[in-house]
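Copied over from TrEMBL:
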type: ACT_SITE; residues: D218; note: active site, proton acceptor
type: BINDING; residues: K102, I174; note: ATP binding site
type: BINDING; residues: N223, D235; note: Mg(2+) binding site
type: COMPBIAS; residues: 398-408; note: compositional bias 'Basic and acidic residues'
type: COMPBIAS; residues: 415-424; note: compositional bias 'Basic and acidic residues'
type: DOMAIN; residues: 45-281; note: domain 'RIO kinase'
type: REGION; residues: 398-441; note: region 'Disordered'
Amino acid sequence: MHIYIHIYIYIYIYIYIYIYRTGDHSFVEKQQAVAEEKKSKRIKDRADRATVEQVLDPRTRLILFRLLQKGFLASMDGCVNTGKEANVYHGVKSDGSAVAIKVYKTSILTFKDRDRYVTGEFRYRRGYCKHNPRKMVATWAEKEMRNLSRMHQSGLPVPKPYLLKGHVLVMEFIGEKGWPAPLLKDASISQDLVNKLYLDVILLVRRLYRDCKLVHADLSEYNMIVSGEQLYLIDVSQSVEHDHPQSLHFLRSDCSNITKFFRGRGVAVLPMIDLFQLVADPLVRTKSDIDEVLKRRTLNVPDDDAVFMNAFIAQKLDHVLHFERDSQIVKDGGEVANPFQMLITPVEVDTPKSENFNGFVTNESIATDTEVIRHDQSDEQEVDSDRNVRHTVRTLYVRDRNESPNSRKERKRLVKEEQREKRKDKIPKHVKKRRERTVRR
């Protein structure tokens with residue numbers, strides 16, 4: 001066995017010496033040719049994923065090419081604006097109207113702090129993909145499409161959305177002859193128009209909160225454009241619903257940005273607290289209430305503004321530790337430790353205070369007194385990204401602190417009887433789910 005091994009070694013040494021002396025390098029050249037052929041057969045390369053202008057990668061170009069091929073777009077021109085989350089291009093539809101094509105950044109992401117805008121929102125309660133940038137940006141683009149649609153349907157001045165394809169959003173172009181309208185910070189406007197625009201902005205934020213149930217969450221002079229004398233909102237992808245866990249924090253930040261900009265332009269502005277109440281307080285309903293608040297405009301900087309920016313604002317009753325005690329202090333004319341917790345005015349329910357009150361409310365007293373509570377039960381069925389709200393009337397059974405055993409038994413008996421009647425009309429869960437699936441189709 002060892003003899004054969006030595007023979008093979010001698011043969012290889014002889015071949016090597018022969019090639020080296022004669023200069024016959026054909027064997028080496030053949031090996032190099034095979035290696036070059038293997039390299040030429042590679043299909044995927046880093047150049048296939050190259051990104052141009054921070055947004056245009058092969059997948060994005062394919063989406064745009066399909067829009068042109070199908071006839072939705074007639075042409076696509078150059079970039080008119082860039083930002084931290086997307087680039088905006090000018091385009092022309094097949095009917096000749098100008099459109100703005102917003103292409104979101106997928107591979108080169110500079111805006112990564114998006115979780116706080118999505119987490120806690122009802123529309124995205126099932127979560128979104130955080131680890132895949134393309135899926136995350138697609139969810140972000142869908143969020144802006146929904147917000148724009150809701151605002152446009154409510155009559156707010158925003159670009160009209162036309163189409164969403166992946167991370168490419170096509171919407172109305174606001175400008176003239178291919179030139180976009182200037183941002184509010186760059187617009188050359190008179191002082192009278194600045195005063196008018198301030199009133200337009202605060203009423204626009206109020207309508208956004210009341211009618212659309214949204215908070216812009218990034219409202220500033222960089223996200224508003226002026227066309228003629230009309231103000232438009234843009235960049236609403238980060239807008240959240242009014243029941244978002246941080247919606248009041250975002251609303252306070254928006255109010256601060258508005259106040260700082262217009263105060264720097266010499267406009268008499270509302271104090272921060274009054275502007276916040278004008279937007280969010282449910283007791284400010286009529287035009288006379290709004291005019292009463294607008295009378296408090298001033299050129300000075302109130303001392304309470306700095307305190308208000310760092311104060312805690314209770315969004316739910318659970319956020320107030322001693323709400324009964326604080327409510328009684330306010331009724332007596334006193335001041336609580338955190339005066340800003342009453343900014344979002346609660347709806348109180350008065351309980352009957354009669355001598356023969358036995359601890360529960362009868363059906364006869366509901367028609368005359370104010371012991372009816374309306375519970376808003378949110379339906380999980382979405383129509384145009386909104387939730388249908390169903391109102392039901394329930395009897396409020398109040399337990400007296402010093403109730404007797406007999407009254408306690410009577411109260412429990414009535415509660416059980418009401419629940420028994422409610423179960424008679426209860427829809428089975430499988431029937432309800434089948435109905436929801438039918439409506440979604």
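From the backbone N, Cα and C atoms, a Cβ is placed for every residue, glycine too.
Residue counts for the compositional bias 'Basic and acidic residues' (415-424) under DSSP, split into helix (H, G, I), strand (E, B) and coil, are 10 helix, 0 strand, 0 coil. Taking each of the recorded positions D218, D235 in turn and counting other Cβ atoms within 10 Å of its Cβ gives the largest count for D235. Sorting the binding-site residues K102, I174, N223 by the number of other Cβ atoms within 10 Å puts K102 first. Calculated from their C-alpha atoms, the gap between the residue listed as 'active site, proton acceptor' and D235 (Mg(2+) binding site) amounts to 8 Å. In the predicted model, the domain 'RIO kinase' (45-281) has a mean pLDDT of 89.
A strand conformation is recorded for K102 (ATP binding site) in the three-state DSSP classification.
N223 (Mg(2+) binding site) sits 13 Å from I174 (ATP binding site), taking the Cα positions as reference. Taking only the Cα positions, the spacing between D235 (Mg(2+) binding site) and K102 (ATP binding site) is 10 angstrom.
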